[in-house]
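Peer 1: The structure under discussion is supplied below as structure tokens; questions concerning it will follow.
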Amino acid sequence: MSVPFDPASYDRQLEEKTVRLRELLAPFDAPEPQVFDSPREHYRLRAEFRLWREDQKRYYAMFAPGDNRTPILLEGLPIASERINALMPVLRERWEASPTLNHKLFQVDFLTTLAGDAMITLCYHRPLDAEWQAAAAQLAAELDVSLIGRSKGQKLVIGHDYVTEKLDVAGRTFSYRQPEGAFTQPNGTVNGKMLNWAFDALGERQDDLLELYCGNGNFTLPLATRVRKVLATEISKTSVNAALSNLDDNGVDNVTLVRLSAEELTEALNEVRPFRRLHGVDLKSYDFGSVFVDPPRAGMDPDTCELTRRFERILYISCNPETLAANIAQLHDTHRVERCALFDQFPYTHHMESGVLLVRR
């Protein structure tokens with residue numbers, strides 16, 4: 001659910017979210033949350049637009065939730081990054097001037113980074129040929145972007161099919177490949193604040209870390225520098241490949257990444273059944289003191305929640321405070337909330353990202 005874009009009301013909206021998080025965590029005697037705000041505009045590093053034909057021209061369009069018939073035609077998008085806003089009119093001029101680029105184009109996706117990288121995906125209702133590829137290569141060079149063409153069963157890449165982000169955590173710069181189509185945190189500035197909070201909350205440890213839902217290694221890279229070893233899990237092949245590249249690019253060599261779901265890892269640790277994907281991984285060699293979880297909106301399922309109970313410290317990043325509270329309720333008899341934080345990843349919406357550190361009583 002969104003609220004109107006109104007930078008003048010930002011502080012009030014953030015306070016309302018803070019009150020909501022405070023209320024949800026009150027039954028667990030949580031401390032006052034640290035609050036990490038967002039830039040008021042130009043904070044969103046990715047944007048997806050449908051194209052809407054009107055007066056023989058195509059316009060960038062978005063739709064209100066539940067209404068795919070009434071387009072909102074856009075010249076720019078104030079919540080999107082400055083790079084996206086700079087690219088939008090120039091790209092539109094180029095496709096209007098090129099029948100090859102324009103023909104049956106129906107969607108445009110932008111992905112940018114704080115480091116200045118940019119990628120554009122053009123989606124078509126037709127096969128893409130050599131003529132399109134030549135026009136796209138010229139366009140990519142003019143705009144200084146990577147460009148991807150997509151149609152049914154087809155993906156053509158000009159440049160790279162990823163962007164590179166650079167984020168500073170506790171004085172060290174980490175480089176991240178962010179693949180086209182894979183999940184990335186949309187608000188880069190707030191993501192950097194999340195990484196630094198998690199790094200500080202975990203602390204310097206002499207034991208090992210288990211990470212569930214590691215994605216492209218967003219948290220894995222900095223947290224790995226705080227512990228002896230990391231065992232990280234992820235099920236998306238695209239994210240696993242990106243995480244492996246990111247570990248290599250950053251010289252992080254104390255992480256073992258396995259493609260298992262949280263539920264499968266629970267079975268493996270409980271010795272319910274063996275997994276071929278764990279071949280060569282000696283689970284008994286790990287001395288886990290902490291677990292880091294960043295689950296989907298549904299939160300942790302009950303079995304995974306019980307798995308985390310066996311760890312002294314549970315570091316939890318949540319995109320849904322209601323399921324976070326439900327998971328804490330399940331763990332409250334053995335773990336207390338030592339730290340909590342609100343990260344305003346999604347200004348002008350009711351969505352909030354939050355973090356808690358749970359420590360065994």
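First residue shown is number 1, and so on along the chain.
Here the Cβ of each residue, glycine as well, is placed from N, Cα and C on the backbone.
If you look up Swiss-Prot, you'll see Cys319 marked as active site, nucleophile. If you look up Swiss-Prot, you'll see Glu353 marked as active site, proton acceptor, on the strength of sequence analysis. For Gln185, Tyr213, Asn218, Glu234, Asp294, the entry in Swiss-Prot reads S-adenosyl-L-methionine binding site, with the evidence type sequence analysis.
For each listed feature, how buried is it and what is near it?
Peer 2: Around the Cβ of Cys319 (active site, nucleophile), the same chain contributes Pro296, Arg297, Gln345, His351, Glu353, each under 8 angstroms and 6 or more positions distant in sequence.
Glu353 (active site, proton acceptor) is surrounded by 24 other CB atoms, counting those within 10 A of its CB over all protein chains shown. Look at Glu353 (active site, proton acceptor): DSSP puts it in a strand.
Over all protein chains present, the Cβ of Tyr213 (S-adenosyl-L-methionine binding site) has 21 other Cβ atoms lying within 10 Å.
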Peer 1: Cβ within 8 Å of the S-adenosyl-L-methionine site's Cβ centroid: which residues qualify beyond Gln185, Tyr213, Asn218, Glu234, Asp294?
Peer 2: Phe183, Cys214, Gly215, Asn216, Gly217, Phe219, Ser239, Ile317
Peer 1: Looking only at Glu234, Asp294, the binding-site residues on record, which one has the least crowded Cβ, with the fewest other Cβ atoms within 10 Å?
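Peer 2: Counting other Cβ atoms within 10 Å of each of the binding-site residues Glu234, Asp294 gives the minimum at Asp294.
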Peer 1: At a 10 Å cut-off from the C-beta of Gln185 (S-adenosyl-L-methionine binding site), count the other C-beta atoms across all protein chains.
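Peer 2: Other Cβ atoms found within 10 Å: 26.
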Peer 1: What are the sequence-distant neighbours of Asn218 (S-adenosyl-L-methionine binding site), meaning same chain, six or more residues apart, C-beta distance under 8 angstroms?
Peer 2: Tyr176, Thr184, Gln185, Asn191, Leu195
